[in-house]
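Working notes for the structure below.
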Amino acid sequence: MNGKSPHGKFPHGKSPLQALCSQDALSGLMFMAFAGGFAFLARDLSLGTAVRMGAAYFPLLLSGLLGLIGLVIFVRALIGEGGRVAPFAWRALVLVVAAVLVFGFGLSGLGLAPSVAIAAFLATLASGQVGWRGALALSALLVVFTWAVFILGLGLAIPTIGTWLS
Amino acid sequence: MDLLGNLALGFATSLSLHNLLYCFMGALFGTLIGVLPGLGPVATIAMLLPITFGLEPVSALIMLAGIYYGAQYGGSTTAILINLPGESTSVVTAIDGYQMARQGRAGTALATAALGSFFAGTVATVFIALFAPPLAELALEFGPPEYFALMVLGLIASITLASGSLLKALAMILLGLLLGLVGRDIYTTEARFTFDLQNLSDGLQFVALAMGIYGIGEIVRNLEAPETRSVAVTKVGGLMLSWADIRRIAAPVLRGTGLGAVLGILPGGGALLSSFASYALEKKLSRHPQEFGKGAIEGVAGPESANNAGAQSSFIPMLTLGIPSNPVMALMVGALIIHGITPGPAFVAEKPELFWGLIASMWVGNLMLVVLNLPLIGIWVRLLTVPYNYLFPAIIVFSAIGVYSVNNSTADVLVMAGMGVFGYILYKLDCEPAPLLLGFILGPMLEENLRRSMLLFRGDAGQFFTRPLTATLLGIALVSLVVVLLPTISRKREVVFKE
């Protein structure tokens, strides 16, 4: 446990980079980064005293704890087995998130129908198993359906076609 | 007699025609979404939450309860029919339920699940009616220090009972607490962690957070592997149970109900722990344990009753103390707050028609599942055959519209996108998101109670350990944390969860 394993610095025959990219090591780093970020953002807030806690008191307490636990997780991952990170599904991630972002940024300007159409089209392509024709058909269907349910049915106050297009 | 009077008030509320309708719609929509593969109760409730906003609080709550039961039931249905548990609570059901389905006894398994759940729901309803009011009365005596200690205990207990790495769960709680603090500080009115964005001054929207992590993140995760799902079951078979079946399930249902009702009250307990415990118990008590894993009806009856009883009794800490014990309850608290209700000890006394109406509607919701959903099983099976590749874009669009409609805010939609990425990263790093959600909900409450306690104590934190009740609560939290962190125990714990 003290780093003197026969493989050199890191047990299990891992290279330093592998050890650094394990699930636990990255989690530890992530937690430490969040702790640091919150602590940094709390720097301008009032600290107060233990009796009258200011806006920064509790967050700093939590950040401190989080940073500490993050460090323990990180160190333990370097010493022991941290778990391998499986590859990311980039296509799915990018397209799904892009769909939501387009919807979020476009809704007020484009209106419901175009936003739904674009979002649904992008999302459908995310699986990589449906072609663009299928995606077009599905987004047309969803445009009609969401219009009927949310505008006709529930009377949601969103323009069907937004100001950017008219 | 008081109890009967209260229950009568509750039933008068929940059996009014329009509330009955909302309960039915909730159960129906809940099942409809819950039966879709890869959507557990949390995502289902978060997605359907916006449709309850226009309703008055009683109806909204009743509809939510219906959605919850529907979602749970939908999860069991997919577990039995296609071996795809919608959520961890139905993992156990899938073991024997799916085997039964492969032997052509899907109908029997589904009916067992529904009837077992109904029985458990009935008992748990009475259980809540009996124990929630006295507990609430007791809790009325609690001051800020007791609340602080209770919440700390609740958070700690919720992770000691969960599976996975404890340290990471602890870090996730802290991160959740911090995220919960985003927004304007109520004491000093300073804007905290908002990056000067107007949209963040009211804090991160809970629905956007939950939908991002449990909805969007989950979808990306499901898309990792190409779709290879085959629906093995096309015929459900008879829904009727034979006398022999009923005799076999009677005892497991009873035991499961008792186990679930008790374990559900524990923080972090609820449906998940109950169903695992019940399965282990039934296997141990069974005269033919070799049948388990090969389609033993007891393996469906026990856990299904237990998880429903547990799901329901986990309402007790939420309603009486305002402390959610699992992510579903955290969502319920979020929903109540949106409707302007803060759950807590005063809730029972101040809003009796709401409290008792909710309790009565729990029972009505369970009844709905039996009398309406069982006959509709054919439709649910049909839904299972819709390919996921065409389903998830619709889910994404509906979630986006739903999150937007909470506050008519497109910023919330962007938060959902961000949380989706975050949720996916958490999954990649093997960090369980449930503690984060609990922390997020409890963050502001924990801070407020800590501040008020410290004011009361004149800055001397040591007084937490000189008051008998807070000392006990915090002591239990500390001991359970230390015990679980001990290497030998944590190894044993892993074994238990692997079983």
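Cβ atoms here come from the backbone N, Cα and C positions, even for glycine.
Feature annotations, reproduced from TrEMBL:
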- B:20-438: domain 'DUF112' (DOMAIN)
- B:20-39: transmembrane segment (TRANSMEM)
- B:45-69: transmembrane segment (TRANSMEM)
- B:109-132: transmembrane segment (TRANSMEM)
- B:152-182: transmembrane segment (TRANSMEM)
- B:257-281: transmembrane segment (TRANSMEM)
- B:328-348: transmembrane segment (TRANSMEM)
- B:355-381: transmembrane segment (TRANSMEM)
- B:387-406: transmembrane segment (TRANSMEM)
- B:413-429: transmembrane segment (TRANSMEM)
- B:469-489: transmembrane segment (TRANSMEM)
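Note on the transmembrane segment (B:387-406): residues 36-39, 46-51, 53, 205, 207-208, 211, 215-216, 219, 222-223, 227, 229, 338, 412-413, 416 of its chain, located 6 or more positions outside it, place their CB under 8 angstroms from a CB of the stretch. Long-range Cβ contacts of the transmembrane segment (B:469-489) within its own chain (Cβ-Cβ under 8 Å, at least 6 residues beyond either end) map to 145-146, 148-150, 152-153, 156-157, 160, 166-167. Summed and averaged per residue, pLDDT over the domain 'DUF112' (B:20-438) gives 84.
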